[in-house]
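Novice: Pasting a structure here, questions to come.
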Amino acid sequence: MPLLDIPTLNVIQLGLGFFSTFFAFNSQGFIEEAVIDSAADNGNLNKHAGYYSLSIIYAVFTVANFVAAPIVDILTPKWAMVVGSLCYAIFQAGFLFLNEWYLYASSALLGLGASIIWTGQGSYLSQNCTKETTSRNSSMLWAMSESSLLGGGVFLFIVFSVQGASDQIPTSTVRFLQHFQMTLVSSSTTVFFQINILYSVFTVLSVISTFIFAFLRTPFYPETVDRKNYGKLVGSTFKLMFTKKMILLAFVFAYTGIEQSFWTGIYPTCISFTKQLGSNTNALLALNAICTGFGQIAAGVLSGLLGDKVRKIGRDTLVLIGTTVHLIVFALCFINFPQDSSLKKTDEMGGLIQPNLAIALIAGGLLGFGDAIWNTQIYSFLCDTFPKQSAQAFSLFKLYQSALSCAAFFYAPVLQLYWHLVILVVTSLFAACCFFYVERISRDKTSVRDSYNFEEDKVTNLRGDVQYRINENEQHNSGNLKKKLGECKSDNYKNINILSDVTMTSRKSTDPDEDVKF
């Protein structure tokens, strides 16, 4: 008997693919502004091209989530992730020959690819999970994916430590990259390996992830999708969007987008702009990335080790822990950072104390830990609750998340840190309440699932988590029908589908969301 079953191996391979993709993408993100600044000095690019690129990525990512689900359903999650990964490779390759219009076009393509690859990830994960394994598998996948953040942080720390103390990212990074310059002189050729070396590596890593996705096995519990009915596939996302559960979950998804923008952009900026933390604040920023990565991995490993015990503890309990951790972090940020640290370089005191490096790094780790708790439990909930519309559910998750991340980055340049913290505290509490309510109504109605199709009860043994209970009245009615049919000798009755009759006469859902047919 193998040590790991096929669904678990599928999830591990999926995690390796995402590690490879986002190790490259996160690492290039650390030096992207430096590279663009250097190119701008030479007149090749607009100095603000990096900001324009980021806005294009988020804008397309948000809109593309509306069509991501049908694309994933048509291509299948496996090939959708292959296409998405190629979009990342095309974007990376553009830095080998920097061109402004190519940068904008590839940014738009990356936004589309991101929506497809993340929706495909959620759908493929759902099709390799049962109720007993959703928490473990989603946590394992999250830990493997987010370990790329740790790798990128180590890379960034090396970049800024080798060249010494500095708080100017463009100058220091470009100077460091010059260490990679190699000049090979032959009789007629001089080859310069400089920035191209790094971006060649990033491109190769993205291509490797494409091959990893291409060799994924067929999901162990595949969904049945009518790929000929394109209109139905597109409309299914909008139908699911307006169900009771998804409306409530929208606030949960929105909070993850706001806090994601905080720990990925606003909080690192606070560290970099707080001069009292040290002279080489960019190296400290790298240490923060490492701490955040450790926090992400620790939460993922913890949730994975708990495994099926999560079902006994309850997802709402873990979300409560994640919310509490984040509230503690927001309090630490208030006392440790100046209010203008999110906007400009400052020597001011923190809210209550002098800025302290240890507190800043601990807060960074706790931010990652809380973020991982939120996301792993959302993954687990969506896999459990929407197994037959996983693509639609995950596309809506990414839609709300990316939209609010985009909004947060939009208002970030005009708000002081303390206003960011107020927004985060209010939205975290509201999101937690919404999650508690949705989890409760889902637990109370375990007899029927949102994606329920009763005809599939004839093959319930194929999937451990598709064990819909027939109530006592249904069993009684079914028994009576069987008895009567057994007494009937007419051939016309021999071909009656008993289960189908029971379905039409005695099964009735009490949850308005369950009546949605896709």
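Every residue, even glycine, has its Cβ placed from backbone N, Cα and C.
According to TrEMBL, the record shows the following:
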- 51-72: transmembrane segment (TRANSMEM)
- 79-95: transmembrane segment (TRANSMEM)
- 101-120: transmembrane segment (TRANSMEM)
- 141-162: transmembrane segment (TRANSMEM)
- 191-216: transmembrane segment (TRANSMEM)
- 237-258: transmembrane segment (TRANSMEM)
- 283-306: transmembrane segment (TRANSMEM)
- 318-337: transmembrane segment (TRANSMEM)
- 357-374: transmembrane segment (TRANSMEM)
- 395-412: transmembrane segment (TRANSMEM)
- 418-438: transmembrane segment (TRANSMEM)
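Mind running through what each feature is packed against?
Specialist: Listed as Cβ neighbours of the transmembrane segment (51-72) (distance under 8 Å, sequence separation of 6 or more from its ends, same chain) are residues 80, 103-104, 107-108, 110-112, 114-116, 118-120, 123, 230, 233-234, 236-238, 391-392, 394-396, 398-399, 402-403, 405-406, 409.
Using a Cβ-Cβ cut-off under 8 Å and counting only residues 6 or more beyond its ends in the same chain, the transmembrane segment (79-95) has close neighbours at 17, 21, 24-25, 28, 32, 35, 71-72, 102-103, 106-107, 109-110, 112-121, 123-124, 195, 199, 202-203, 206-207, 209-210, 213-214, 216.
Counting residues 6+ beyond its ends, the transmembrane segment (237-258) has Cβ neighbours under 8 Å at 66, 69-70, 371, 374-375, 378, 385-386, 389, 392-393, 395-397, 399-408, 423-424, 427-428, 430-431, 434-435, 437-438, 441-442, 450, 512-513, 516, 518 in the same chain.
Distant neighbours of the transmembrane segment (395-412): 54-55, 58-59, 61-62, 65-66, 68-69, 72, 115, 118-119, 122, 237, 240-241, 246, 249-250, 253-258, 260-262, 265-266, 342, 378, 382, 420; these residues of the same chain sit at least 6 beyond its ends, with a Cβ under 8 Å from one of its Cβ atoms.
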Novice: Need a quick answer: max count of Cβ pairs under 8 Å to the transmembrane segment (318-337), which of 101-120, 283-306, 357-374, 418-438 is it?
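Specialist: Counting Cβ pairs under 8 Å, the winner is 357-374.
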Novice: State the residues, same chain only, that lie 6 or more residues beyond the ends of the transmembrane segment (418-438) and have a CB under 8 A from a CB inside it; answer 'none' if no residue qualifies.
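Specialist: Result: 245, 248-249, 251-252, 254-256, 258-259, 262, 266, 315-316, 319-320, 323, 326-327, 330, 333-334, 339, 342, 351, 377, 381, 412.
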